[in-house]
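Novice: One structure, as structure tokens, below. Some questions next.
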2 protein chains.
Amino acid sequence: MKSKILLALLATATLAAGAHAQVKVEDAIKWRQSAYATMGWSMGRIKANVDGTYNKDEVVKAANVIQAIANSGMGALYVPGSDKGKGWAETRVKPELFTDGPKVGKIAGDFNQAANELAKVAATGDAAAVKTAFGKLGGTCKACHDDYRKDNK
Amino acid sequence: MKSKILLALLATATLAAGAHAQVKVEDAIKWRQSAYATMGWSMGRIKANVDGTYNKDEVVKAANVIQAIANSGMGALYVPGSDKGKGWAETRVKPELFTDGPKVGKIAGDFNQAANELAKVAATGDAAAVKTAFGKLGGTCKACHDDYRKDNK
């Protein structure tokens, strides 16, 4: 669903059915940066639990945040013209993200699936399964960062 | 639960059971700002649907993001010393948030409850009920902004 939305937006710049607020480029970039940072916080929390003392409740909360954001339709924030500009800071997106439709859609779909899987296994409290799912999710983050984020660090 | 965590942290600065990454002040502020901005994006999406053409799927996605963040235990990001400092930008929190334990806990609890209610009614697709729940949630945001955010705008 996410990849469909992303592709639809990237390919045609038309909006899906339903009401959308007009999104300014600077807001779109700020919200993207905010959503990724919120997921980064959550990933760090999960890592601390996987590497240290495991607390199911902590991991569930963090995994639910990642899942909700992954399913939020963030593709809508890649508005035309937002390959450059400043939200909280200058965007680090590479222009290729806006033109590599199918490849980006695949990465987005993998990310979405991995986020749903992590939330699912987090709810079971199975720390080993969480570690595996967490690693897979991190791989999908890296796949996008490697190809579509400048100054990767 | 959220208010309990918040109060525990504010009162004693001890950490709950389970593994926590050491959170730096600048990271804590950045993550707070990011989480609030992500909720702000989601609130704007819901408002656009409530005021315009209603799309259930859009509202569910946005409400789920708010619910997940509201339940994430953000109180842990109000680390000692983070009444001042810079994340993406200078924090706008007032120092009273760190000392008004019971009042802050009440606001946090109301916010949490309102976010859960909004996600619940969003799932039914009842636009009128969403409008009511959305208004209530906005009221809990405002309650905190009025008393604990500088330069309210």
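Here the Cβ of each residue, glycine as well, is placed from N, Cα and C on the backbone.
Bear in mind that the values here come from a model prediction, so they are computed numbers and not experimental data.
Reproduced below are the annotations present in TrEMBL:
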SIGNAL    A:1-21  signal peptide
BINDING   A:CYS141, A:CYS144, A:HIS145  heme c binding site
Novice: Around the heme c site formed by A:CYS141, A:CYS144, A:HIS145, which additional residues qualify by having Cβ within 8 Å of the site's Cβ center?
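Specialist: Other same-chain residues near the heme c site: A:ILE107, A:PHE111, A:THR140, A:LYS142, A:ALA143, A:ASP146, A:TYR148, A:ARG149.
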Novice: State the count of C-beta atoms found within 10 angstroms of the C-beta of A:CYS141 (heme c binding site), not counting that atom itself.
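Specialist: There are 19 such Cβ atoms around A:CYS141 (heme c binding site).
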Novice: Helix, strand or coil for A:HIS145 (heme c binding site)? Use DSSP.
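Specialist: DSSP call for A:HIS145 (heme c binding site): helix.
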Novice: Rank the binding-site residues A:CYS144, A:HIS145 by the number of other Cβ atoms within 10 Å of each Cβ, and give the residue at the low end.
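Specialist: Among the binding-site residues A:CYS144, A:HIS145, the sparsest Cβ neighbourhood within 10 Å belongs to A:HIS145.
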